[in-house]
Every structure is written in C-alpha cells, then in structure tokens.
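Asker: I'd like to ask you about the structure that follows.
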Amino acid sequence: MLNSAMSVVILAAGKGTRMYSDIPKVLHTLAGKPMVQHVIDAATKLGAAQVHLVYGHGGELLKQTLKDDKLNWVLQAEQLGTGHAMQQAAPFFSDDEDILMLYGDVPLISVETLQRLRDAKPQGGIGLLTVKLDDPSGYGRITRENGKVTGIVEHKDATDEQRQIQEINTGILIANGADLKRWLSKLTNNNAQGEYYITDIIALAYQEGREIAAVHPARISETDGVNNRLQLSRLERIYQAEQAEKLLLSGVMLRDPARFDLRGTLHCGMDVEIDANVIIEGYVTLGHRVKIGAGCIIKNSVIGDDCEISPYSVVEDAHLEAACTIGPFARLRPGAELLAGAHVGNFVEMKKARLGKGSKAGHLTYLGDAEIGDNVNIGAGTITCNYDGANKFKTVIDDDVFVGSDTQLVAPVTVGKGATIAAGTTVTRNVADNELVLSRVPQVHKQGWQRPVKKK
C-alpha cells in the first residue's frame, strides 16, 4: 500500500538508574554503537521525513556523541511518563503525516518489522506492535473484545484476570499526526504511577470507533528493552549471533560463530575464513580468500585478495593490496599501506607508512612516517626515528634496499635505490644509490678477562 509521509519520535529521556552509570542509558553501546543510534538508523532507512529525539538526562552528552544536525531535539525536563514525552514532541507533528513512536533503549527493532507495522496501520486508526510472552509479568496487557484491540492496561493497574493475558504492549505504535495530538491532549495521570501513559490513547481511539491493528515482530528480541547491563549483554549476544548467521549463509567461514563480534559493517569476497575471537569494527572490506587468524582486531580497513592476517594482529585504518601477510602480533596503525605481496611480521608496528611490493619487515620493527619502495628487506629491530620531541619527519627508502638488523634511521632521511645498510647502523644523512653504509663502535677484544666476583 501507499504510505503517508512519516516522522519518527524516539523516546530517550530516561536516566537508566539500573545501569549504575554516569552515561545516559541510550548511549551505552551495542555492537560498538550507541543503542539510540541503532534506532535512529532504522528510522532513517525507513524514510522518516523528520526524527524527533526526546531527551532529558545527559542532554549535552547526547548531542556531543550523536552529532546529528538532522535530529530535532525535544527536551522533556520532567520525566512524567511516555504520554508526557510525546506531548513535548506533539507541537512538531503535521496533521497529514503519520507519527511512528520508537524507544532509544530498544536497539534491535528491524526496518522490516517497522515497515509491516506502517503498512498495517488502518486509515484513521493505530498500528500497534505487540508480542505474546510465556511470562508477561511487568508488561502492559492488550485487552480485546471479539478479537479487536480495545486498550492496554499496565501491569500495576491490571486485575488478576487481566494479568493472565499473554499478549503485551511493546510501546511501538504508529498513528496519524492530527489524531495523535487530539488523543494526547486527553491523557490524564489518574493511575498507580501518577504518570501520563501513551498506552491510554488505544482506549481513546477505540471509543471513537477507530481500528487498532496489532502486528507481531519477526523476532521477540526486536522489542526487548534495556534497563541494566545484563539485559544489554544478552542483546549483544543475540545481535552478534544474527550477524554471524548472515555471514555464514553468505559464504563466510566463521570457525566459531559464538566468538565473533561485528561492530560495524563487513563486506566479504569469496572463501573468506575468520578464526575465533576476531573483532571487526567500523567499515571493513575483505577480498577473496582472505584468512583472519584468532584474536585479530580489524577496524576501518580494506584487505585485498589472498591476504593472510595471523593471530593477535591489530589492523586499523589500513589498506592492504593482494597477497600480503601480516603477523602474528603485528600492529598496523592509521595510514599503513601495504602493496601487493608485502610482509609485516611479528611485533612490527606501522603508522602512516607505505611498504612496497614484495617488501618485508619481519620482526621487532617500527616504521612510522615512512615511504618504502619495492623489494626492500627491513631487518629485525629497525626503527624509523620520526619524532624529535616536537615535530614528525619522513623516512624514504627506495627500491631494492637491504636494511640490516638493529638499524636506526633518523628522519628526515632518504636511502637511495639498491643501497645496503649494515647491521647496527645509525643513519643520519641521506644515502646514495647502491652505497654501503655502516656506523659501528670499534670492537674490542680483551684476552684473559675475568668477570667480577660478588663480594661476600
């Protein structure tokens, strides 16, 4: 069916006392992203013309964290219930648009479920998302007559008979803007909590003869809210299990789906293999036949075809061309770039550095602010000394250079094509093509030397 224009209200004013945190509840993260951001993203994908965020506690921190100038920030200075929160947003509703109500602490709600709810909304009525629970204790119950929804009664206000009802309110609903404003104006706080319940509009709509269409989500977990860290951790595992399942069904080999975390967006080629305890953050692309070893963290990086990242390596804001090998225990920091066939071994760190085709840095090396050509060998213990205490400087190493172990390159410095740097050398001046450079303290031999004896 053809949908009306729609705006979304996200309720995010609660303090989250049971989180025992100074951070507003909705800013606690799920899959590396604030809970409320998941909800904002769903609203955006659904095509919301405007997203109204009702906030209260920690408003400044919310604004600083979300940094979204498209949001309409609506202050709820006193938290007097969900109906009161919607009343604060009501002046921004257009009469001819639909208003979808969501919650900042219900992060797993899917676009597909919301679209079905939107499609099911009757003309002049309400679309209401409900679920059936084996144990509905604590939730508002859906009351019906002859199968039709007539209202919602909160648990504290329910009779013993009503508490036997298993269908409960999720709090998510959609209604026309003009209708919603009229119903909101009629709300009272005559209940056990002394609050203004948005749920009371269901009875008001029924009294006007309006239809209330109940829709169920694809999964009950979509409507699970978060009140404490235990609930958040459970939703995290549900989310991660869903992401792992999608990857497995798309052809990615996860060696242990229960020990894989996706905290962003992952694009994979064919025959990708990911071992246990791998974390993917931000936007990551893995080419064909990429292998990621156990315990690796990959963040905002592009990994080319046939690359292999050995266990316990960290790759952040890096770009690897085809057939590169990394680790184990390697660290690629922002700006690291490896051309085809390059190798970075154990305990090697790169930052703002390019390693050319077929070049190798096998062990115990720091390469920072460096441009390294093709077919270069970087010996163990090599350091680019890029910082003088105030400024950073660049090291340039041309093609076919051999750098011996325990070399220090004091930037700014350039090493010419085909040069050889002997082990233990400190390079402080530019090196010409094909030169041999060495700087060593003369070796001293003392015959018959005796080690000191400890005094008694």
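A Cβ is built for glycine as well, from the same backbone N, Cα and C atoms used for every other residue.
Dumping what Swiss-Prot says about this protein:
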- His363: active site, proton acceptor (ACT_SITE)
- 11-14, Lys25, Gln76, 81-82, 103-105, Gly140, Glu154, Asn169, Asn227, Arg333, Lys351, Tyr366, Asn377: UDP-N-acetyl-alpha-D-glucosamine binding site (BINDING)
- Asp105, Asn227: Mg(2+) binding site (BINDING)
- Ala380, Asn386, Tyr387, Ser405, Ala423, Arg440: acetyl-CoA binding site (BINDING)
- 1-229: region 'Pyrophosphorylase' (REGION)
- 230-250: region 'Linker' (REGION)
- 251-456: region 'N-acetyltransferase' (REGION)
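Give me the local environment of each listed feature.
Answerer: Residue environment of His363 (active site, proton acceptor) contains 16 other Cβ atoms, counted within 10 Å of its Cβ in all protein chains.
Secondary structure at Arg333 (UDP-N-acetyl-alpha-D-glucosamine binding site), taken from DSSP and collapsed to helix, strand or coil, is coil.
DSSP assigns Asn227 (Mg(2+) binding site) to coil, not to a helix or a strand.
Within its own chain, Ala423 (acetyl-CoA binding site) has Gly379, Gly404, Ser405, Asp406, Thr407 as residues 6 or more apart in sequence whose C-beta sits under 8 angstroms from its own.
Note on the region 'Pyrophosphorylase' (1-229): mean pLDDT across this stretch is 95.
Counting residues 6+ beyond its ends, the region 'Linker' (230-250) has Cβ neighbours under 8 Å at 19, 28, 30-31, 35, 107-108, 221, 224, 257-258, 260-262, 266, 268 in the same chain.
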Asker: I'd like the Cβ neighbour count for Asn386 (acetyl-CoA binding site), meaning other Cβ atoms within 10 Å of its Cβ, all protein chains included.
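Answerer: By my count, 23.
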Asker: Measure from the Cα of Asn227 (Mg(2+) binding site) to the Cα of every one of the binding-site residues Gly14, Asn377, Tyr387, then give the nearest.
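Answerer: Nearest candidate: Gly14.
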Asker: Based on DSSP, name the secondary structure state of His363 (active site, proton acceptor): helix, strand or coil.
Answerer: strand
Asker: Would you mind pulling the longest C-alpha to C-alpha span across Ala380, Asn386, Tyr387, Ser405, Ala423, Arg440, which the record has binding acetyl-CoA, in angstrom?
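Answerer: It comes out at 23 Å between the most distant Cα atoms.
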Asker: Measuring Cα to Cα, how many angstrom lie between Gly104 (UDP-N-acetyl-alpha-D-glucosamine binding site) and Tyr387 (acetyl-CoA binding site)?
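Answerer: Pair distance, Cα basis, whole Å: 45 Å.
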